Amino acid sequence: MGMAFSKLFDRIWGKKEMRILMVGLDAAGKTTILYKLKLGEIVTTIPTIGFNVETVEYKNIQFTVWDVGGQDKIRPLWRHYFQNTQGIIFVVDSNDRDRVVEAREELQRMLNEDELRDALLLVFANKQDLPNAMSPAEITQQLGLQSLTRRAWYIQSTCATTGDGLYEGLEWLANALKKAGHE
């Protein structure tokens, strides 16, 4: 009975659900971000082989976030998570200048997939607390984001360990999903 009321209230008050795919190269901070959003604390992580999935509630939206491992050997498995994805969070280690070209190649490969043609793109320029971190403007240029004329995208500087920028990113995603009619 309680569940019936809950579903009724969700319909009346308009709770939305959105499927988000969070990907990026290994060690970019995806799992740390997921659990900082979910639990509000830093958890000890190990490299993700497979995926983690959690629901994160923000502003009456229930984001189902799929955090998929980023090691090169398992990146081909990303495509199995594309179906019904409304938003992509692509996490970049802003301090890893040696692999930014690799990140660009993976992002471009994914954005060319037909199943993701309508998905919004949020880039988290993570690890901004490190002294050698690339700025969001530099990452925008390195990833070629300015050439994405047919896709809504946004880049947000973040620090997964402090939580800086994470909710600002979700705010953009929530507003962009509403504008795009994905609600």
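Backbone N, Cα and C define each Cβ position, glycine as well.
What Swiss-Prot annotates here:
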{"type": "LIPID", "residues": "Gly2", "note": "N-myristoyl glycine"}
{"type": "BINDING", "residues": "24-31, 67-71, 126-129", "note": "GTP binding site"}
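Feature annotations (Swiss-Prot) mapped to structure.
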residue: Gly24; record: GTP binding site; contacts (Cβ under 8 Å, 6+ apart): Lys30, Gly70, Phe90, Val91, Val92, Asp93, Ala103, Glu106, Phe124
residue: Ala27; record: GTP binding site; contacts (Cβ under 8 Å, 6+ apart): Pro47, Gly70, Asp93, Asp96
residue: Val68; record: GTP binding site; contacts (Cβ under 8 Å, 6+ apart): Leu21, Met22, Val23, Lys30, Thr48, Gly50, Phe51, Ile74, Leu77, Trp78, Tyr81
residue: Gln71; record: GTP binding site; contacts (Cβ under 8 Å, 6+ apart): Asp26, Pro47, Ile49
residue: Gln128; record: GTP binding site; contacts (Cβ under 8 Å, 6+ apart): Ser94, Ser157, Thr158, Cys159, Asp164, Gly165
Under a three-state reduction of DSSP output, how is Val68 (GTP binding site) classified: helix, strand, or coil? strand
Measure the Cβ-based neighbour count of Lys30 (GTP binding site), defined as the other Cβ atoms within 10 Å of its Cβ. 28
Check Lys30 (GTP binding site) against DSSP and tell me helix, strand or coil, would you? helix
